[in-house]
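A.B. asks: Got a structure for you, questions after.
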Amino acid sequence: MSCPYAGNSNEHDDAAVPLSNDVGKIYGEYLMLDKLLDAQCMLSMEDKRPVHDEHLFIITHQAYELWFKQIIFEFDSIRDMLDAEVIDETKTLEIVKRLNRVVLILKLLVDQVPILETMTPLDFMDFRKYLAPASGFQSLQFRLIENKLGVLTEQRVKYNQKYSDVFGNDERALNAIRSSEDNPSLLELVQRWLERTPGLEADGFNFWEKFQHSVDQFLAAQVHSALLEPVEQAKNYRLMDIEKRREVYRSIFDPALHEALVKRGDRRFSHGALQGAIMITFYRDEPRFSQPHQLLTLLMDIDSLITKWRYNHVIMVQRMIGSQQLGTGGSSGYQYLRSTLSDRYKVFLDLFNLSTFLIPREAIPPLDESIRQKLIH
């Protein structure tokens, strides 16, 4: 039976490349499949004791590394676009598109873990001895992703030594690590971009002053309502809760308190960047802030998916080797991996915590005509 979607030969453009036996060769050459498909060297086979699941292990990790390369490629292009004083809406749209691509890739990587879990612990044990001293900790590309995203060296969990020491005397790897540490990370560039959010200017709309005033009014209304509470215990509880909220707001309104939290590692953004992020969150329905809000949401998605990938990896490792054995690279294995699930590895932590500082929609300072005109132009 012929293909129902194929037209007859008379319908084809004379300039079209004819199908022939050379098509497969061209395809293979373009993708360099001879190298790609010949890169699965099973050490168990070299030892004349082939283990079937070692092939799956190699393929899965090679697929990870290929996708890591694409993520780095996208991050580098996004960083180039963000590294400018003015970012027009066309570039913002492109940044959003590429961040969304990274999100979809990471979802794919998270979903790859269950494929590895089709291998039983006993299957893994059959070839694990061939892996040492190799370790996932030695994935240069994953370290570059972390650095380009904005994971700080001081935030990293110690792994017997500095994370770059595992690359030994590999100058290419060490130079790549140093370059990723020295160049502006996505976090730094997003921070600069947020600091330039229109409407933050003290001599303009001055969102921050208006926001503080709205918070004061909101808390005053809460206190007034609490004082009308007839049950003394309930009243005291509500007043205590309001005071706690007041302290939370004070941590963003007092620059010194904010800076102390940054130094302690509890916050990442500068004070100005935090103001910009809050303003974009409040006015995300305004056309000018729609794309920036999408951008911030995608950054959170990336952080979340990397955390999910780490978590899935941790659970898989525990299933394969338990929680007491050392990793093949000499790390504490499960214990080390579990420690990377903390907020210290969450680059855009401040975006996740923005909901802490929300106020009711009706209390959000309305945009005046001057700022609306500025946002349009």
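Placed from the backbone N, Cα and C atoms, the Cβ positions cover glycine too.
Small disclaimer: the values here were computed from a predicted structure and weren't measured.
Copied straight from Swiss-Prot:
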| type | residues | note |
| --- | --- | --- |
| BINDING | F57, I58, I59, T60, H61, R128, T328 | substrate binding site |
| BINDING | H313 | heme binding site |
A.B. asks: In whole Å, how far is the residue listed as 'heme binding site' from I59 (substrate binding site) when you measure between their Cα atoms?
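C.D. replies: The Cα atom of I59 (substrate binding site) is 16 Å away from the Cα atom of the residue listed as 'heme binding site'.
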A.B. asks: Between R128 (substrate binding site) and H313 (heme binding site), how many Å separate their Cα atoms?
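C.D. replies: A Cα-Cα distance of 16 Å.
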A.B. asks: Round to the nearest Å and give the CA-to-CA distance linking I58 (substrate binding site) with H313 (heme binding site).
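C.D. replies: If we compare the Cα positions of I58 (substrate binding site) and H313 (heme binding site), the gap is 16 Å.
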A.B. asks: Counting all other Cβ atoms within 10 Å across every protein chain shown, which of the binding-site residues F57, I58 scores highest?
C.D. replies: F57
A.B. asks: Under 8 Å Cβ to Cβ from T60 (substrate binding site), same chain, six or more residues apart: give me those in sequence order, or none if nothing qualifies.
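C.D. replies: Result: Q112, I115, L116.
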A.B. asks: Would you mind ranking the binding-site residues H61, H313 by how many other Cβ atoms sit within 10 Å of each Cβ and giving me the lowest?
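C.D. replies: With the binding-site residues H61, H313, fewest surrounding Cβ atoms within 10 Å: H61.
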